[in-house]
Amino acid sequence: MFRIGDFSRLNKISIHTLRYYDELGILKPAKIDEQTGYRYYSAEQLPRLNRILLLKDVGFSLMDITGMIDQELTTHKVVTMLNQKALEMKEKIERQQEKYLRLQILINKITEGVQNKMFNYDVVIKEVTALKVASIKESIEEFSKQGDLWEELITYLYDHHIKPTAPCIAIYYDEDYKEDNINIEVAAYITGNLPETERIKVRTLEPVKEMACVVHKGNNENLAEAYNELQKWIEKNGYQMNGPIREVHLEGYWSNPNPNEHVTEIQIPVTR
């Protein structure tokens with residue numbers, strides 16, 4: 001057997017960590033000397049220690065490991081748990097990548113000395129007529145999931161020999177900002193007939209008498225600036241919001257693969 005210090009050095013794990021694992025019950029000493037209180041570990045414990053370190057290294061918390069380590073897990077169960085952890089890590093990486101891209105945009109703006117001057121926005125009030133659309137309305141976990149709805153809708157249109165044309169519209173129904181359970185409808189303009197499914201419906205978007213509108217040209221990563229200008233204009237001119245926000249994509253991926261050439265019109269129903 002090995003004293004705790006020797007076991008620590010051989011396995012490159014601190015004494016403090018070994019004592020903590022003992023407290024959690026996931027790796028107890030093989031023997032404790034009753035007279036001296038010295039902890040001793042056995043080479044037979046190495047497979048267990050290696051499992052703990054491996055699970056910890058791939059992202060499982062010690063609380064997760066505590067609940068797993070003594071279970072008689074089948075290969076299928078282990079693979080299922082690892083796949084779930086891989087999915088969680090993938091989603092976390094995607095969120096971090098989005099933050100990284102936003103950070104790069106901010107750095108570029110500051111470096112170029114054009115912060116708050118990059119775009120010139122002209123807000124107009126106009127009447128929006130009724131529009132026949134095919135749409136999916138759903139509550140999504142986060143904004144990034146909107147792309148899945150668009151893919152489903154556009155694929156369905158192509159399957160029925162309908163090529164998407166402008167406008168394609170995202171409608172946000174929540175009365176306040178939400179980071180999850182976002183109520184959204186994605187809709188594509190159509191002229192002919194289209195069979196409905198349980199998820200995809202054909203309907204008419206109601207006309208709106210007064211819609212405050214602003215056009216944004218370029219990557220939607222910068223869309224927040226258009227929103228800022230629009231809300232300043234609404235407040236300055238004595239209007240109030242009066243319905244769900246629409247993002248009307250006049251030029252998008254279906255027609256142009258270059259996001260810097262996309263055109264989006266933000267539309268907000270208003271009243272005085």
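Just so it is clear, glycine is given a Cβ too, placed from its N, Cα and C backbone atoms.
Features as listed in TrEMBL:
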- 1-71: domain 'HTH merR-type' (DOMAIN)
- 79-106: coiled coil (COILED)
The domain 'HTH merR-type' (1-71) - residue tally per DSSP class, helix then strand then coil: 40 helix, 7 strand, 24 coil
Model confidence over the domain 'HTH merR-type' (1-71) (mean pLDDT, whole number): 86
